[in-house]
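As recorded in Swiss-Prot:
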type: SIGNAL; residues: 1-22; note: signal peptide
type: REGION; residues: 68-97; note: region 'Disordered'
type: CARBOHYD; residues: Asn119; note: N-linked glycosylation site
type: CARBOHYD; residues: Asn143; note: N-linked glycosylation site
type: CARBOHYD; residues: Asn177; note: N-linked glycosylation site
type: CARBOHYD; residues: Asn222; note: N-linked glycosylation site
type: REGION; residues: 261-300; note: region 'Disordered'
type: REGION; residues: 321-358; note: region 'Disordered'
type: COMPBIAS; residues: 336-345; note: compositional bias 'Basic residues'
type: COMPBIAS; residues: 346-356; note: compositional bias 'Polar residues'
type: DISULFID; residues: Cys373-Cys440; note: disulfide bond
type: DISULFID; residues: Cys402-Cys472; note: disulfide bond
type: DISULFID; residues: Cys406-Cys474; note: disulfide bond
type: CARBOHYD; residues: Asn466; note: N-linked glycosylation site
Amino acid sequence: MAGARGLLHLWLSCLCVSLAQGQRLRQPFPELRVAVPADRAAGGGPESPLQPLDQVSEHMLRLYDRYSGGRTEEARTPGNSERGSPSLRPQPLREGNTVRSFRAGAAGMLENKELHIFNLTSLTKSENILSATLYFYIRELINISLSCPVSQECSHHAQRKHIQIDLSAWILKSSGNQSQLLGHLSVDGGKPHRDFVSWLSKDITQLLRKAKENEEFLIGFNITTKGHQLPKKMTPSPEPYILVYANDAAISEPESVVSSLQGHRNFPTGAVPKLDSQSRSAPSIERRRRKRSTGVLLPLQNNELPGAEYQYKEDEVWEERKPYKTLQTQPPDKSKNKKKQRKGPQQKSQTLQFDEQTLKKARRKQWIEPRNCARRYLKVDFADIGWSEWIISPKSFDAYYCSGACQFPMPKSLKPSNHATIQSIVRAVGVVPGIPEPCCVPEKMSSLSILFFDENKNVVLKVYPNMTVESCACR
């Protein structure tokens with residue numbers, strides 16, 4: 001009986017050790033753990049179309065969550081909610097404003113060498129490469145090294161040597177099946193052991209800069225090992241990938257967000273939602289809507305709220321426009337009263353009658369409503385504009401907008417510029433006819449991180465400036 005208990009304790013201890021080692025295997029590369037976007041973690045949006053076991057997607061989701069101020073790290077740390085820690089603020093991107101990921105395509109052979117081919121045609125001329133890193137998986141090599149018996153030409157000394165990884169980069173030309181050596185690199189993988197890091201990385205910034213300067217965007221990498229008697233060829237699984245940090249000089253140009261997010265010609269048309277399905281089914285209704293809404297939308301062209309023109313009119317205008325008639329006391333007329341008694345209920349006046357006090361309250365309530373320049377709420381849903389098919393996260397964001405009047409005299413809260421102040425005075429004096437009042441425009445704006453697929457189905461993270469209105473002013 002005692003022997004059985006001893007064997008049971010020994011088995012349980014071995015099981016705990018193996019579980020602890022397996023947990024350590026996932027610790028050295030924290031950026032490659034599964035990352036859940038903030039909108040999915042909160043249940044505010046649909047699940048991401050990314051594959052759950054795809055290391056490239058996990059890495060990009062992690063970066064997005066970090067630079068968009070998500071709460072993934074906070075949610076994983078126990079006790080944060082109890083301590084009442086504030087929500088994470090978006091961090092500035094480490095380098096530039098763009099992170100592009102490139103996954104290896106179908107492997108090819110070049111002079112009996114296996115190449116992992118990358119298509120880098122998504123890089124634009126305006127994107128200046130700041131840094132580039134190649135990530136590759138070597139777990140299979142470690143397993144072979146640790147399981148190699150001494151009898152199969154794997155000496156004890158060879159097993160303890162450092163693993164040396166050789167990387168050779170090739171430029172693949174589409175014409176004539178030509179190839180050109182781009183460069184050689186080596187990586188010291190360290191000594192193989194049970195909790196060895198499964199992923200290694202190597203800086204390839206200079207290689208990609210050289211290829212981009214020569215406008216060569218089809219690159220192949222051959223990954224081999226040396227320094228011991230193990231097989232030279234290594235086939236990493238999962239496939240390697242590249243992360244490129246770049247600074248897009250054209251991201252602040254007009255309509256840059258439209259040109260980069262809407263230019264997805266290769267996406268299947270059936271997957272993109274059709275925005276004009278309702279207008280095709282009911283064209284007459286659409287025409288009636290356009291005619292009816294034309295007058296309503298006109299004030300918005302001048303940064304005015306609908307109905308704002310009533311604020312600055314005199315009381316006579318209200319008297320002309322009001323639909324109600326005030327009650328006026330008149331001397332009693334017996335003949336009229338007799339006639340009114342003869343009328344049936346169908347001949348009663350259809351105009352509602354209110355006293356003067358009720359009308360004054362309604363008039364005062366309308367004047368109290370905020371009509372000055374201010375920030376108004378606006379939520380943009382990418383599904384409404386047909387972009388949800390390739391935008392991974394966020395599915396929607398709070399954009400806000402500025403609207404309202406900048407009439408003289410403007411209070412300090414509207415933060416008018418000197419030019420806006422002078423313009424409002426000139427308009428109020430009326431010396432120069434036709435001078436409009438200053439406009440209500442955004443004063444401060446913040447950026448927005450967007451994670452999306454490019455035309456080659458690679459995951460891209462871009463930080464677009466001036467996407468959310470923080471405050472408004474008169475200019």
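Each residue, glycine too, has its Cβ placed from N, Cα and C.
Cα of Cys373 (disulfide bond) to Cα of Asn466 (N-linked glycosylation site): a distance of 19 Å. For Asn119 (N-linked glycosylation site), the same-chain residues 6+ apart in sequence whose C-beta sits under 8 angstroms from its C-beta are Phe102, Gly105, Phe217, Leu218, Asn456. Here is what falls inside 10 Å of the CA of Cys440 (disulfide bond) among the recorded positions Asn222, Cys402, Cys406, Asn466, Cys472: Cys402, Cys406, Cys472. If you compare Cα positions, Cys406 (disulfide bond) sits closest to Cys472 out of the recorded positions Asn222, Asn466, Cys472.
Spatially close to Asn466 (N-linked glycosylation site) yet at least six residues away along the chain are Ser252, Pro442, Met445, Ser446, Ser447, judged by Cβ distances under 8 angstroms.
Reported as a whole number, the C-alpha separation between Cys472 (disulfide bond) and Asn222 (N-linked glycosylation site) equals 55 Å. Here the CA atom of Cys402 (disulfide bond) lies 10 Å from the CA atom of Cys474 (disulfide bond). Within 10 Å of the C-beta of Asn222 (N-linked glycosylation site) we count 19 further C-beta atoms, all protein chains included. The Cβ neighbour count for Cys472 (disulfide bond), using a 10 Å radius and every protein chain shown, is 25. Across the structure, Asn222 (N-linked glycosylation site) and Cys402 (disulfide bond) place their CA atoms 55 angstrom apart. Ranked by how many other Cβ atoms sit within 10 Å of their Cβ, the disulfide-bonded residues Cys373, Cys402, Cys406, Cys440 place Cys402 at the bottom. In three-state terms derived from DSSP, Cys440 (disulfide bond) belongs to an extended strand segment.
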